[in-house]
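Student: So TrEMBL says this about it:
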DNA_BIND  B:17-56  DNA-binding region
BINDING   B:GLY91, B:ALA92, B:GLY93, B:ASN94, B:LEU95, B:GLY96  NAD(+) binding site
DOMAIN    B:81-181  domain 'CoA-binding'
Protein chains: 2
Amino acid sequence: MAKREKISMSVIRRLPRYYRFLGLLESHGIVRISSKDLAARMGVNASQIRQDFNCFGEFGQQGYGYMVSRLRETTGEILGLHNAYKAVVVGAGNLGRAITSHISFERHGFFLAGIFDNSPQKIGTFIHDVPVFDVAELEAFCKREKPVMAAICVPLSAAGRIADTLYSCGVRSFWNFTHYDIAMEYSDAIVENVHLNDSLMTLCYRISNPEQKASL
Amino acid sequence: MAKREKISMSVIRRLPRYYRFLGLLESHGIVRISSKDLAARMGVNASQIRQDFNCFGEFGQQGYGYMVSRLRETTGEILGLHNAYKAVVVGAGNLGRAITSHISFERHGFFLAGIFDNSPQKIGTFIHDVPVFDVAELEAFCKREKPVMAAICVPLSAAGRIADTLYSCGVRSFWNFTHYDIAMEYSDAIVENVHLNDSLMTLCYRISNPEQKASL
DNA sequence: TAGATTGTTAATCGATTAACAATC
DNA sequence: TAGATTGTTAATCGATTAACAATC
């Protein structure tokens, strides 16, 4: 991890896919790989792969290629997956429960400290060993535990209030599943939006206009 | 809906957000709006808004602006939201149940005809009035009902088999929540991927490298 | 050494933003 | 009419791809 000037989001959003493919190669017992070979497997351009990794340093060997396991480890370090940022999930509906397993099971940089909901049936239960608390306790919990990240899985009508509470307690990064525009409201927040409706509408467009091809 | 040459995915992925904001304006009783005003509210560039809509025709009036409700309707038509493409959801876990409501409740271009799972507890039940069938019946169902789109919410280990089955029955568009690479496997398929892990890792990167700012 | 493949610069391509004439 | 704002062309900016010298 050497250079590090100003990495574009385009590059960053490709890193998780590299990480995944490198893990797959490793599990297949492949020890080294050239950018050309990796590009062919991933359906991308070899120049792009070399450019992308060179944003962070020199990880290859001329005439030889890249060591799969070292490149995978490095990619994980660049992404920061060795961290255990304290996180909370707000909203324990189907979506909240679904993403709970993403945050807590996989080793993806986070540690899930609590889930918050307003349903008496859910409060006091556990989801993947993580306790579900009353959302009324969210503020006290955040002031005490200082989570770094919050996943927002509540109805739109509640999103603004929840975001305000979290922000006022010092939470500055959000995994946002609502259409509430946290990034516009708090310009210093780091917001990763997952807009399922937008994705579904995009799919609808592409079905309705099949001349388009491009994917990702 | 006039021109229509070759619209870039960048433009298309912005349409759902326009649609949402226009709906919001309409519900606030705002009748007309200029690209400048809309741009300020959305945090984007006014030129971009005019360029984007002009891909599809001329919807404004010089010196005046755009009629909110007409522009919203038009955007919905462009996206194809008036359709009711027959769809199935495969996998009735938390994620499958969460997206079921997105497909069936909202008027977003699809009609959800069935949900498939392998759990005896779930087979025979209903989720938002949509029946849950045995995944063993998926092939017969698809041959009979000819769904256009399938949402894939199964574990990675099952994804390849499910995709093969669906493709062989004629399904060519997929809302894919797994990391199985349908688009690489079937080059004529329309695939909209939702990679929650990738999104989470990107968030982890941005928390670990706070010098970066850009969002969306 | 010869062959292969990186790291990196240069060329191309596409997307965003600015400018302005057309026109309501 | 004058002022405002579109539709559209031109300029800028950034991202992708190609080329190739460095070097293992």
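Each Cβ is built from the backbone N, Cα and C atoms, and glycine gets one as well.
Just so you know, TrEMBL annotations never went through curation; they're auto-generated.
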Student: For the domain 'CoA-binding' (B:81-181), what does DSSP give as the number of helix, strand and coil residues?
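Tutor: Here the numbers are 35 helix, 29 strand, 37 coil.
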Student: Are there any residues in the same chain, six or more apart in sequence, whose C-beta is under 8 angstroms from the C-beta of B:GLY96 (NAD(+) binding site), and if so which?
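Tutor: Residues satisfying the criterion: B:VAL89, B:VAL90, B:ILE115, B:ASP117, B:ALA151, B:CYS153.
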Student: Would you mind checking how many other C-beta atoms are within 10 angstroms of the C-beta on B:ALA92 (NAD(+) binding site)?
Tutor: 25
Student: Under a criterion of Cβ-Cβ distance under 8 Å and sequence separation of at least 6, what residues of the same chain contact B:GLY93 (NAD(+) binding site)?
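Tutor: The answer is B:ASP117, B:CYS153.
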Student: On average, what pLDDT score does this prediction assign to the domain 'CoA-binding' (B:81-181)?
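Tutor: Across the residues of the domain 'CoA-binding' (B:81-181) the model's pLDDT averages 96 on the 0 to 100 scale.
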Student: What is the number of residues in the DNA-binding region (B:17-56) that are helix, strand and coil, as DSSP sees it?
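Tutor: Taking each residue of the DNA-binding region (B:17-56) in turn, the totals are 28 helix, 2 strand, 10 coil.
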Student: Give the number of CB atoms, excluding that of B:GLY91 (NAD(+) binding site) itself, located within 10 Å of its CB.
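Tutor: 24, counting other Cβ atoms within 10 Å of B:GLY91 (NAD(+) binding site).
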Student: With Cβ-Cβ distance below 8 Å and at least 6 positions apart along the chain, what are the contacts of B:LEU95 (NAD(+) binding site)? List them in sequence order.
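Tutor: Once residues fewer than 6 apart are set aside, B:LEU95 (NAD(+) binding site) is near B:CYS153, B:PHE177.
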